[in-house]
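Taking it in order: structure first as structure tokens, then the write-up.
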Amino acid sequence: MNKENVIKLVMLLAFLALFLQGSRFKAEAKKVVCVEGKCQKPHDHGELNFHERFHVTQADIYPTAVLKSCANFWEANATGMTFAVIIGAAALSLALSYKKFDVLLQLKGVKGATIGSIIGMPLNMCANCSAVTSMSLTSQTGSSETSLGIIMGGVLLNFIGIVTMFGIFSPAVVISRIVFSILMITVVVPFVSKMVAPGVESPVMKTALLDQITCHFPEKSFPATILKSFEDWMISVGSIAIKLIPLMLLGTLITSLFRVIFPNSYFEHIESYSPILVIVIISFIATLLSVPVLFEILLGTVLLHLGFSNGPIASMVFAAPAFGLFTVVLTRKKLGGLKVPVILLVITFLFAVGAGLLADFLTKFF
Amino acid sequence: MTKTILGIILFLVQIGLALFYNQTVDLIYIAVFAVLTFVYILYKYFTGKYKAV
């Protein structure tokens with residue numbers, strides 16, 4: 001490993017450490033306070049059961065409600081998505097100049113999915129942000145398995161989320177979520193990746209500037225190498241941002257369009273339906289929703305307070321953070337069109353129904 | 001190169017917006033590094049160092 005790659009690796013780890021220490025752990029702690037009902041401003045909670053700048057009311061006409069919801073989603077995701085670009089670009093810059101890392105990203109099958117999920121796990125991000133990181137990192141090379149593994153690992157294997165859920169929900173809910181998360185990563189990801197036509201998956205973007213990063217840089221001095229590493233990172237940021245930020249805006253808008261159709265008040269009407277129908281409806285809503293990290297737990301607590309059983313709660317905490325409308329928009333190009341992302345969306349829905357049924361079944365043992 | 005520079009500007013707007021929402025130390029550090037590196041890239045761009053690309 002040459003000096004340039006060592007600096008790039010240190011940069012990547014430093015960005016991740018800065019993000020986790022400076023923003024992410026604090027944001028997660030704030031959400032846990034709200035989840036536990038110890039929040040000082042519960043009246044300030046909006047549609048996501050968390051503090052929101054623009055309150056969507058019933059008096060709002062549809063376009064106003066969508067715009068407000070979109071602004072709230074964008075704000076909730078702002079720090080995470082910014083860091084997703086920062087970290088994704090640092091990882092891309094490293095992958096372009098360090099071939100061994102690049103080879104790792106090209107692994108296929110269960111291996112690729114597992115490696116991806118291991119890379120995704122420490123990110124502590126929701127599907128939206130981890131999709132941005134994943135699409136950045138694998139924009140030049142990298143298999144579909146690794147790309148999807150990063151997204152799923154970041155979302156479903158979030159350690160803080162799992163620990164928080166054990167403190168709030170029945171173990172039946174958490175066990176059900178863990179079982180279906182592992183199945184999603186080890187079975188579904190390799191299965192759907194086979195449907196991606198060979199040669200389609202990379203590169204997502206082509207720019208001669210990124211090709212320059214792969215060239216060996218004569219290491220004249222340590223400061224010059226540091227400067228080159230920062231320059232490579234910034235060029236990667238620029239190349240990614242121009243492609244992904246407009247898609248991020250589109251994804252957020254589509255999620256908001258859907259969210260306004262099914263607000264939290266909708267859940268109150270379906271509570272009296274048959275248990276299986278409730279699980280199916282909640283799974284459908286949660287699948288199309290793309291919520292920021294740990295917001296699935298906040299939505300789970302909404303269902304808990306409304307008196308829903310463990311089944312619908314398990315469906316919500318599995319599907320809401322997983323593959324959703326936002327992720328479909330972002331991964332479309334990497335996965336060779338809409339077919340594979342839509343199949344993943346359908347499988348997420350079916351798994352959410354499965355998670356709900358399993359949680360209801362397991363409830364008798366706890 | 002022009003597209004990449006536009007991308008960097010878009011990213012700087014995004015980081016500015018994120019700072020408007022949450023003034024966290026980590027974002028401030030990275031924003032400073034990003035602006036400095038962008039100035040360096042602009043210098044190279046306007047002095048024709050990226051001409052071949």
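Each residue, glycine too, has its Cβ placed from N, Cα and C.
The shown structure was predicted, so the numbers you read here are calculated from the model rather than taken from an experiment.
So that you can see what the record holds, here are the features copied from TrEMBL:
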- A:78-98: transmembrane segment (TRANSMEM)
- A:110-135: transmembrane segment (TRANSMEM)
- A:147-169: transmembrane segment (TRANSMEM)
- A:178-197: transmembrane segment (TRANSMEM)
- A:240-262: transmembrane segment (TRANSMEM)
- A:274-299: transmembrane segment (TRANSMEM)
- A:311-330: transmembrane segment (TRANSMEM)
- A:342-362: transmembrane segment (TRANSMEM)
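Residues of the same chain lying 6 or more positions beyond the ends of the transmembrane segment (A:240-262) and with a Cβ under 8 Å from any Cβ of it are 47, 56, 62, 65-67, 69-70, 73-74, 77, 81, 85, 88-89, 92, 128, 132, 135-136, 139, 204-205, 285, 288-290, 324-330. Contact between the transmembrane segment (A:274-299) and the transmembrane segment (A:311-330) holds: at least three of their C-beta pairs are under 8 Å, each pair 6 or more apart in sequence. When Cβ-Cβ distances under 8 Å to the transmembrane segment (A:178-197) are tallied for each of A:78-98, A:311-330, A:342-362, the top count falls to A:342-362.
Segment contact is absent for the transmembrane segment (A:311-330) and the transmembrane segment (A:78-98), given fewer than three CB pairs below 8 angstroms at sequence separation of 6 or more.
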